[in-house]
Amino acid sequence: MAEPKTKYDRQLRIWGEQGQAALEKASICLLNCGPTGSETLKNLVLGGIGSITVIDGSKVEAGDLGNNFMLDESSIGQSKAKCVCAFLQELNDAVKAKFVEESPEALIETNPSLFSQFTLVIATQLVEASVVKLDRICRRGNVMLIFARSYGLTGLVRISLKEHNVVESKPDHFLDDLRLNNPWPELKQFAETIDLNVTDLVAHKHTPYVVILVKMAVEWAERHGGCLPSTREEKKEFKEFLKSKTIALDEDNYKEAIEASFKVSTPRGISSNLRQIIDDSAAEVDSTSSDFWVMVAALKVEFIANEGDGEAPLEGSIPDMTSLTELVTGFVISSAVNLSRTLLLSSYDSETIVLLYTYKTDHCQLSCRHYVNLQKIYQAKAEADFLVVEQRVRNILKRIGRDLDAISKTNIKSFCRNARKLTVCRYRLIEDEFNSPILPELLKLLTDEDYSVAVGFYILLRAVDRFATNYNRFPGLFNG
Amino acid sequence: MDAEQQLQAIKQAKVLMVGAGGIGCELLKTLALSSFQDIHIIDMDTIEVSNLNRQFLFRQSHVGQSKAKVARDAVLRFKPHINITAHHANVKDPEFNVDFYKQFNIVLSGLDNLDARRHVNRLCLAADIPLVESGTTGFLGQVTVHMKGKTECYECQPKPTPKTYPVCTITSTPSKDQFEGGGGGVSLPLARNFSLPLARNLLTGTISLSCLVHPCLSFSHLCTPVLGCFILFVHCIVWAKDLLFSKLFGDKDQENDLNVCSNNATSSSEHAEDVFKHILDEDIEQYGRRIYDHVFGYNIEVALANEEAWKNRNRPKPTYSSDILPDKLIQQIGNLDNGATDDPSSVSAMGSLGLKNPRDIWNLEENTRIFLEALKLFFGKREKEIGNLTFDKDDQLAVEFVTAAANIRAASFGIPLHSLFEAKGIAGNIVHAVATTNAIIAGLIVIEAIKVLLCDTNSYRMTYCLQHPSRKMLLMPVEPFEPNKSCYVCSETPLSLQVNTHRSTLRDFVEKIVKGKLRMDFPLIMHGSALLYEVGDDLEEDMAANYAANLHKVLSELPSPVTSGTVLTVEDLQQELSCNINIKHREEFDEENEPDGMLLFGWTQAPPMNMDNSLPV
């Protein structure tokens, strides 16, 4: 076959080859193959996970039929792990499927080292004591753990691992990285080449709002002893100042500038979130540090304090800017620009794109040219920032005795582009959660309309498990 | 809710499932495990390799077999004592009429296209059977409950029209006429309202170029009349697929403007329509080169001859095969002569040329080789299919041919070339899909279905499954909307039509309104008790002739004249849909803004694109 990956075609389009490679490298262990566990593995096996090990000590009983689609009448009396494993293997022969016919609880007691070989352990329907032990074992072995419990239509999933670092965290709302509050020299220079006091209406209308804001902020600062608008009054005044510069009613670029004027006043420097990450003790790297922390270290003193002028590396992309008279054309242009931006990110030549959008009207061309120039300035700065960070990363790698090329350019680039959004998740040990729940947090969530139901179930499910541990039976079992 | 009562309701329910794909497989499994006893499945599709990453009831060995039947057998293996009836058929077949629907308590839909969804919606309304509708794309999904009179129907809110590609042939002066893409004219202001945020989402969320298809589309569709021709790779793909591929391998007689010549170039006999005909005994490669030179060379020259058109544009470069590939292709291994045992479906030009990675971007020479080799393979190995082929994204050779042709065209217009993987995504309109989302959505369908069976109306929810948590939630349940009181599908509210009754013909009305907007397939039009028009196989000859004659008449001159104030009744018997249209005469229409020459009110224009319009299931 010319395309051996046809089977994964639809998902490769979601997570790309890197995602697929990560899946194919992973080795997963499932504890207890009831309906929840079986269903979970089904989805992973279909997607081409590297290997699976199914651990379950029970035999298939009549009651299992009809709630687990991997079992049929011929399975009765056989090892459940074996039957489920056989079904899963049938789903995808590229997956290495194994089974162990033993009780997970017993294995946790007798053979804890067994778990260190896996990338991820998925523990379903385990009793409290076993979960706590397993969690400690996994934490020690640096194995990820997912604990799942389900009853009817409710259930609970808990992830447990020491640390999870996210570079592309995709937060819900995030301000674009325009650096209007702290423009770098090239951006200022570019803004200087554009004259806002032109009388030509067309030119006036087609000045991107970023340029307007950079220039107006400079002008403002000159009149205000070098300070940018910061109080409410000043911000209002700044808006009025912008409004005074419009020469026609329909100047959307000025409207945009007014809307975005608060970006001039946002505090300079890095966010408290990023500050926390770079101040983390893990950023003191040595040869055992992960790539993530090596890059954080490069950011820390080396970049932010020096070339970065107190800021994280620039993201390098800019939002749409409607600076056209006709709404329709405006839409077309911003889509075009949006499109070209995406294409540019995939490293196409920007000139080609500009040529693609050679419009009939000069208006559009002007606006597009400004936009593309502006875009180039942002990209150039982002590229320069990246090169600095890359150099720092290599220096650190050398210092800690690792291979200079141990971290790829692509990864460093992605790290730089997302530097403002880095996220570090650390999970408490399940034992800590069980023994010392954070009561104020729970109380707060219980009174929150959005979360009260979920938190209610959490407490109930926890209570059920505790009850089962203490009385060795489930609540309600003797009520008929 | 009393568990016993719930179980009884489930056990007594008779369920119709339409679609046995991604959602369908999960749904059938979940229904069976939830104790449903009587399930009918309709699906016309057969199993393909690319289904296997999520449609877990199917195995490699089932490829080519009916999805409905294999799904039934697979579920009966673990749940042997329930009734599952599989229909390997099109849900639009007349056998699935309103009486067929009436035998069910509920209809669950996991379809993959708008047209079928609309059809099922209309029949459910006619039969007064509740419908649970669903769709997924990637990590996104949604489930809605449609119950006549209680919640909105599938068509209460404007739905996107199916993707239509503007076919931009650029063989002569690009002009407005050339951008007849297929989809009805999109009204610009409306289209603008919806598109920006969506286009932005799609663009910023892209992983592969395939996602770019959507914005390009609406975008070029929108701007063509305004700003002239935007030449994008998508156009090249559309050109290669819808024009070239179907001209060469599809129905020869179809109308096709591949050969459009500009007014100042008189077509010589060499370049007449039959240039695409394979002359008896002509060497296939010779034939391929002839086609190549015609479409990439001659046609471009003709286009260039019109100086005016290129004043503000990048001039394309004519390409001739002998410049790119002076020598004859060397007979390849695995080629025409020694492949008697080859399965025609595994024939691949990449294979015979030794190109392996579908993610590589071929250069012009490689594209030229693939073009010629693929053409040779079609004639050498799959000659029987020529004349009946339609482009299929899972047909390797077809994808290779289209990729190569699109790339050669792109090269001549200075557009970046793309890999086979990317081109396939664009050409096949591929929407990504994973098992997890389908499993979640199927579970939600069953939860809603149980509520419907228990008549627990107040608990119905419309649920969205998100890719990134919003307010810490991945599933967003919202209360269903009330029916849209002016929905022409589920309400009795009449529509009204402004039309010049002295100028517009019945045909204009049928094509632009009844089919184009109301999406009826087999319309019947009545004025009071007088039948003006009807479609069907079983018409009397004289009636058919009457109707044909009526089509040419302007509305006011029909046997039963349609004038201002007339109420027309339009029906589709297969869809069981009927609606009244109040006619209002209007003299003038603006050609630019009202190109149809008539305006329909009470009907909402669909936006030209939306991410859910081709949900894979």
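Using the three backbone atoms N, Cα and C, a Cβ is placed for every residue, glycine included.
Features of the protein shown, as given by TrEMBL:
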ACT_SITE  B:Cys168  active site, glycyl thioester intermediate
BINDING   B:19-24, B:Asp43, B:51-54, B:Lys67, B:112-117  ATP binding site
BINDING   B:Cys153, B:Cys156, B:Cys487, B:Cys490  Zn(2+) binding site
DOMAIN    B:4-488  domain 'THIF-type NAD/FAD binding fold'
DOMAIN    B:384-424  domain 'Ubiquitin-activating enzyme SCCH'
DOMAIN    B:497-589  domain 'Ubiquitin/SUMO-activating enzyme ubiquitin-like'
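Counting only same-chain residues 6+ beyond the ends of the domain 'Ubiquitin-activating enzyme SCCH' (B:384-424), those with a CB under 8 A from a CB of the stretch are 48-50, 208-210, 231-233, 236-237, 239-242, 244-246, 248-252, 292, 295-296, 300, 314, 316-319, 344-350, 358-364, 367-368, 370-371, 374-375, 377-378, 430. With a threshold of 8 Å between Cβ atoms, the binding-site residues B:Asn53, B:Asp115, B:Cys153, B:Cys487 that neighbour chain A are B:Asn53. Between the binding-site residues B:Asp43, B:Asp112, B:Asp115, B:Asp43 has the most other Cβ atoms inside 10 Å of its own Cβ, all protein chains included.
Taking only the Cα positions, the spacing between B:Asp43 (ATP binding site) and B:Cys153 (Zn(2+) binding site) is 22 angstrom.
Of the recorded residues, B:Cys153 (Zn(2+) binding site) and B:Asp115 (ATP binding site) place their C-alpha atoms 15 Å from one another. Cα of B:Gly19 (ATP binding site) to Cα of B:Cys156 (Zn(2+) binding site): a distance of 22 Å. When secondary structure is read from DSSP and collapsed to three states, B:Cys156 (Zn(2+) binding site) falls in the coil class. Put simply, of the binding-site residues B:Gly22, B:Asn53, B:Asp112, B:Asp115, the one whose Cα is nearest the Cα of B:Cys490 (Zn(2+) binding site) is B:Asp115.
Same-chain residues that are not part of B:Cys153, B:Cys156, B:Cys487, B:Cys490 yet have a Cβ within 8 Å of the Cβ center of the Zn(2+) site turn out to be B:Leu125, B:His146, B:Glu152, B:Tyr154, B:Glu155, B:Pro483, B:Asn484, B:Val489, B:Ser491. Between the alpha carbons (Cα) of B:Cys487 (Zn(2+) binding site) and B:Asp115 (ATP binding site) lies a span of roughly 17 Å. Distance from the CA of B:Asp112 (ATP binding site) to the CA of B:Cys156 (Zn(2+) binding site) is 19 Å. Each of the binding-site residues B:Cys153, B:Cys487 was assessed for Cβ neighbours inside 10 Å, and the highest tally belongs to B:Cys153. Note: the domain 'Ubiquitin-activating enzyme SCCH' (B:384-424) comprises 24 helix, 0 strand, 17 coil (DSSP; helix = H, G, I, strand = E, B). Note on B:Asn53 (ATP binding site): other Cβ atoms within 10 Å of its Cβ, all shown chains, come to 25.
Within 10 Å of the C-beta of B:Cys490 (Zn(2+) binding site) we count 23 further C-beta atoms, all protein chains included.
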